[in-house]
Each structure stands twice: as structure tokens, then as C-alpha cells.
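S.K.: Structure incoming, see below.
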């Protein structure tokens, strides 16, 4: 069983923002595999099903970004998963250029408050993550304002391709393993 968590903020106000690229990623996966999100448990929308022969739960925590760990910790208990082997968190990263993907087995939360919450609630940094580059804020723009801003029209035009690559990478993670996915998608 894989718990695939896309980070974001609930509500229409945040739907198309940079910070919600994690939500859009799991939505792309759900659409590709004919899965439907429902409010089911642990303050999360969940779409359960099979991807490449593996049971998955695609998750959009509805706790707001800074409290994502509450939902992830509750779902870890519900599904009885081992985070090091059965959890993948997908989220935005300011430190990567726009559209760049980076898979890792583990790591610090960095400056990402959603990841800080998850690490704090799980009590470990030992779980896989897929970071999606959103680039740096322009000029003197505050990072908090930037992540809550929408993508430019030029970036939005490229996002379907980026989200398709994210979905492809997740499919490889669940079917062939994290190392295979890292070898295939990190160099791009």
C-alpha cells in the first residue's frame, strides 16, 4: 500500500497557486487512473485505487499547509504504513528551477512549512519525497507571497507536461521502486 500525499491548501482561493502543485499532482494521477477524491478521514480528501498493480491512496490534506502533518500522521496509523517504504510526499520547492523534479529517499524539511509539520508529526525525516521546482520569487517579492501566487500564463501552459512527468515518476516509484524513479527523473 502506498500513501501518495500531495501538499496544498484547500479552497478555490488557493487552487491554482504555486503552493498547490502537490494537490494538482495527485489530481492528475487520479484523473489518469479513473480515481475519485472523497472526504473520507483524517481531514483529507482521499482517492483509493490501483496504480500499476499497487494499492494506493492519493491524499490531499484539508488541514492547510502548515498543519499537513496532522493528516499524514493520522493516515499513517489508519493505513498502517511504514513511511520509509510506503509514503511519498509531493510538494513545491523554491530552491529548484521551475518544472525541475527531484526525488529523494529522505531529507530535511528545509524551509517548507508543510514538510516541517509532517516531519514533526511523524518524528522522522526518513520518508521519500518528490519536490517540484517553482523557481525563486522575482526581485524583492516575499517568499510567502510568491508561493501563494499563481503561475504565469507561460508557466501554466507548460504545467500539463510537468504534471504528466510527475505522474509518470510516481507510477515508476510504486511499480519499480524509488531508485529506478530517481535514476530516470532526477537527471532531467
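All residue numbers here begin at 1 and follow the chain in the order shown.
Cβ from N, Cα, C; glycine included.
Values in this document were obtained by computation on a predicted structure and should not be read as measured data.
Grabbed the feature section from Swiss-Prot, which reads as follows:
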ACT_SITE  19  active site, proton acceptor
BINDING   14, 64, 66, 113  tRNA binding site
SITE      9  site 'Discriminates between blocked and unblocked aminoacyl-tRNA'
SITE      92  site 'Stabilizes the basic form of H active site to accept a proton'
S.K.: Which residues of the same chain, at least 6 positions away in sequence, have a Cβ lying under 8 Å from the Cβ of residue 92 (site 'Stabilizes the basic form of H active site to accept a proton')?
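M.R.: Those within reach of residue 92 (site 'Stabilizes the basic form of H active site to accept a proton'), by Cβ under 8 Å and sequence separation of 6 or more, are 7, 18, 19, 20, 21, 22, 112, 131, 132, 134, 147.
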S.K.: For a quick check of understanding: among the recorded positions 9, 66, 113, which residue's Cβ has the most other Cβ atoms within 10 Å?
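M.R.: Result of the Cβ crowding comparison: 9.
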S.K.: For the tRNA site (14, 64, 66, 113), what does the 8 A shell look like? I mean other same-chain residues with CB within 8 A of the CB centroid.
M.R.: 9, 19, 63, 65, 67, 68, 114
S.K.: Based on DSSP, name the secondary structure state of residue 9 (site 'Discriminates between blocked and unblocked aminoacyl-tRNA'): helix, strand or coil.
M.R.: coil
S.K.: What is the Cβ neighbour count of residue 19 (active site, proton acceptor) at a 10 Å cut-off, with all protein chains included?
M.R.: 22
S.K.: Under a three-state reading of DSSP, tell me whether residue 92 (site 'Stabilizes the basic form of H active site to accept a proton') is helix, strand or coil.
M.R.: strand
S.K.: Of the residues named as tRNA binders, 14, 64, 66, 113, how far apart in Å are the Cα atoms of the most distant pair?
M.R.: 16
